[in-house]
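Listed features, source Swiss-Prot:
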SIGNAL    1-23  signal peptide
ACT_SITE  E240  active site, proton donor
REGION    459-490  region 'Ser/Thr-rich linker'
COMPBIAS  468-488  compositional bias 'Low complexity'
DOMAIN    490-526  domain 'CBM1'
Amino acid sequence: MASSFQLYKALLFFSSLLSAVQAQKVGTQQAEVHPGLTWQTCTSSGSCTTVNGEVTIDANWRWLHTVNGYTNCYTGNEWDTSICTSNEVCAEQCAVDGANYASTYGITTSGSSLRLNFVTQSQQKNIGSRVYLMDDEDTYTMFYLLNKEFTFDVDVSELPCGLNGAVYFVSMDADGGKSRYATNEAGAKYGTGYCDSQCPRDLKFINGVANVEGWESSDTNPNGGVGNHGSCCAEMDIWEANSISTAFTPHPCDTPGQTLCTGDSCGGTYSNDRYGGTCDPDGCDFNSYRQGNKTFYGPGLTVDTNSPVTVVTQFLTDDNTDTGTLSEIKRFYVQNGVVIPNSESTYPANPGNSITTEFCESQKELFGDVDVFSAHGGMAGMGAALEQGMVLVLSLWDDNYSNMLWLDSNYPTDADPTQPGIARGTCPTDSGVPSEVEAQYPNAYVVYSNIKFGPIGSTFGNGGGSGPTTTVTTSTATSTTSSATSTATGQAQHWEQCGGNGWTGPTVCASPWACTVVNSWYSQCL
């Protein structure tokens, strides 16, 4: 017994040495200094507190070189297989380094504002970027979204067809997987641990080791490729948009947190079997144009993309508590002092202006889409991820797989655009080719600013973004700001609008809810 125990201890010791050697290393050629970004947390009383945050760029964009030198381990879209002979050896031999955010990646911040440039030319040409909000130098900020709302300003006026300025949440580890995977020495500080509902296989490192084995360089992306492994987790797309179209989309997974997948069993964009994985790659999307309203979002339209807009997303629960079950995802916009409720779907068979179980089920049926949303947990599955906490991602990208046509054009391109769900925007079906977009619009950019987070009704009536600066107050029965209260009939239900300048709908809330004045333009049943 004693000798067996000694052997066991020796094996453990050897294993720990091996892990220490075969690790995802950190380089020393460039100091890592995260750009600062302020944001705010708000309370139900209407007060907001500024948080001095920072952002880090994803490890996939970083210089990857030999630990003790300057030789690239990865150049263009190819690994140096003389260095990276296996996933484990590559982790031992190669290091990710610090980033020069402005000159290399076109990432700049000022106060609460973050600007991401599309094409940045330095020693190499950089395309787009993906950054994460940090709690401190080594930890991502975790957002717990149930029974809360998330608000930010965005300027998409310089984003043409084929680009996507995306704001979303994913179920990454707060430390980037550093504590869970002993071979990950870089951690969140260097942007490790990414995952999403596509189970991306284009990541150079997953779970602390490289993804070199089975790597196939892309024919269309000079910087990317696909390896044997992917990284899966739940994803909540708050905002995927350019100046033409926008969508918000929950994507649940069987397991909310980050997991490893292999080959086509990953499913999603990067695999031959799109629905073969443990996540929902399609999600349940709300795109106003796809839902039949062709005049709601775009240049000069109701939500005018020629100007910045405040985007408000609410995550409602069945019992109005932080521990309840996710029941509805609502959207509002604020522009030029006016609160704009999300557009209503024009399809009688698929009504509504928010995401609910009923909306998603009827949409899948009407559009003829495969209902993988329900298969992977639906709203309850998404709620499980929101409850565990998610990391905020802010990005700008183009699409080497479908040219972003799923967002802003007719898709599939060979389908009848008069059929429900096919038309998603006004972009031509031959638009969005990355090489063309990069050549024609190198100066494209997106600006995100004024991020706020707090209880329902707390973030967009208190000077947030381009919205009004009035204070949130509560009325016992009806809104005192609407000039049309005497002509309104019926009752507004929980969370619905019940007043505001120019409002002509119901101003009395169903019991026991009270009409709450969020600002002079908008009151809500809370």
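Indices start at 1 and increase along the chain as displayed.
For all residues, glycine too, the Cβ spot is worked out from N, Cα and C.
Listed in sequence order, the residues of the same chain lying 6 or more apart from E240 (active site, proton donor) and placing their CB within less than 8 Å of its CB are N164, G165, A166, Y168, T246, A247, F248, T249, L407. In the three-state DSSP classification, E240 (active site, proton donor) falls within a strand. Along the domain 'CBM1' (490-526), the predicted structure has mean pLDDT 73.
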